[in-house]
Amino acid sequence: MAAKEIIFHDGARAKLVEGVNLLANAVKVTLGPKGRNVVLERSFGSPVVTKDGVSVAKEIELADKVQNIGAQLVKEVASKTSDAAGDGTTTATVLAQAIVREGQKYVAAGLNPLDLKRGIDKAVAAAVDELKKISKPTTTSKEIAQVATISANGEESIGQRIAEAIDRVGKEGVITVEDGKSLADELDVVEGLQFDRGYLSPYFINHPERQLAVLDEPFILLHDKKISNIRDLLPVLEQVAKAGRPLLIVAEDVEGEALATLVVNNIRGILKTVAVKAPGFGDRRKALLEDIAILTGGQVITEETGLTLEKATLQELGRAKRVEVGKENTTLIDGAGDKPNIDARVKQIRAQIAEATSDYDREKLQERVAKLAGGVAVIKVGGATEVEVKEKKDRVDDALHATRAAVEEGIVPGGGVALIRVKQAIAALAGANADQKAGISIVLRALEEPLRQIVANAGEEASVVVATVAAGQGNYGYNAATGEYGDLVESGVLDPTKVTRTALQNAASIAGLLLTTDATVHEAPKDAPPTAPAGVPGAGAGGPGFDF
């Protein structure tokens, strides 16, 4: 086991605070509409230019071990805030730095760190309660666009795209962000349920100009096993042919004589069919087939429920208004499933989301909810260069997460004003002792910091602006984009309540841990030069006694 080095008391805290400041100073220059860019080096390829706080934080590793511990703790603030709310990482970092900086002064002066932390926690709890009181629900597309615009650093086109996407697919719909292939941003919306499996043979194509197989008013056969023997399929094929409707087959696989017979019948015009593989694998495949069955009003033909292909009837088949099958995707439009059954299925999946332990599982379950309840929109981010597209894509991701947070918990006035307004609720608090009172005052001072940083990044005098905003009431604040004072809600400067709340709670949590730290244990440097004995004159590179 490698040797460890231990640092105690003020020496440990001072080093940790240095690390906090190094990371926070690099991140906070990006805050606000006039925030600056940060350039990140890449081992391979072009450097990345970004205004995304969490992207900057994730890149930082410091050479000094103890400083790096401090930096990593603040990085955790940014990451946790990003995971929970999707935005507000820079605000969280600025708040954490402010609480640590003010708290360190009190600890150095001999106050009890644990009482300071209790005071900080009490003040933050009061601030969160007040934030919830001043929060207002998002009701209009305009408000959604404004929230997205602010989070995208004032780019209105991004805000409008996201608002349009939510309008099209609903609040339950999935919105994904991809690299575009043109200079302009594009929005693609998929109606109905789409899964990533295409036709098993190009001979099913009946729209050659679009390379699609399109079926109008088809029956839909869902099977969880491979189909290779045509005799298994014949009874149901005959029933579908008599009904004079096309057929979509979704199975684990369709191969051999079964596939060949379907292709021949399709070419001859005897029965219009398309066969595709079922999406997913294992248990997820079964769940997705069941989703499709509920959406189309059919049943999955599976031995588990006692159903077999040979005995399948039209009653077990699903229906849809239209099906479009491409090389890689299948889209079911306007399935014939009953709404109560679909709603019950959505409720069941939501319960699974609440219990999911991994982000991957949660994401896949959320996709299933969206496909059943809403739709899927894809925002394709355009730009002249790869670097520009990457930077813009980061901002679109932030804006998208901020919008979801606003829909979830509502909105408060932006530009750091909401945190100024909650100070009144904290100022009335009484601590159990003088040290707790000092902890409350730490939070009171820290709540001004995001506004101070926004103003400083805009090149204005922070103290003057903070005093002017504090003298106002309600939504009155400073719009750094225009350099004017006024009603921020009316001018569209909004923040999601969830983002502001999460940033404050996470910042206070990590800052409290740093202030109550009294020792650090870290790996000793491996190639540290031998320390010269005290009192030897001229000890250095030239050796004892030599003076250069």
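Cβ atoms are placed via backbone N, Cα and C, with glycine included.
The stretch that Swiss-Prot tags with region 'Disordered', taken from the ranges 24-48, 74-98, 374-398, 524-548, is 524-548. Less than 8 angstroms from the CB of Asp495 (ATP binding site) sit Gly88, Val147, Ile150, Ala402, Ile411, Val412, Pro413, Gly414, Gly415, Ala418, each of them six or more residues away in the same chain. Annotation for Thr90 (ATP binding site): same-chain Cβ neighbours under 8 Å, separated by at least 6 residues, are Val27, Lys28, Thr30, Leu31, Gly35, Gly53, Ala78. Considering other CB atoms within 10 Å as the measure, the emptiest surroundings among the binding-site residues Gly32, Lys51 are those of Lys51. In the structure shown, the C-beta of Gly88 has more C-beta neighbours within 10 angstroms than that of any other entry among the binding-site residues Gly88, Gly415.
Other Cβ atoms within 10 Å of the Cβ of Ala480 (ATP binding site), summed over all protein chains shown, number 26.
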